[in-house]
């Protein structure tokens, strides 16, 4: 679920504040999303949005699904025991790893999505 996703990001990026830093970043980080991603981090969010979309098509509820995972040396790893839990956990884990590799560009936080996306 979204709280677990936030904790996965904290695992991959210790000291981060996901609910503040990523809730309104670029065109895809946060609720909704459209247009062309503004940078690598925003592309991570688009991939995550698309993954949640695929989970929904499989009959899963990604924003609500609780799963089991662990953090080892800044790497989130899934221990899910069902198809939906495994799929959603993988969406979140891959996104957290993607976030960790992408630069955070302050100018892309809270952008005008009407003109930039």
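Quick reminder: no glycine exception, Cβ is built from N, Cα and C everywhere.
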Ca(2+) binding, same site as 28, 30, 32 - Swiss-Prot member from 39, 49: 49
Cβ within 8 Å of the mean position of the Cβ atoms of 28, 30, 32, 49: remaining residues of the chain near Ca(2+): 27, 29, 31, 33, 34, 45, 46
Among 60, 71, 84, 91, the most crowded of the disulfide-bonded residues [Cβ within 10 Å]: 91
Residue 45 (disulfide bond): nearby recorded positions from 27, 30, 78, 98, Cα cut-off 10 Å: 27, 30, 98
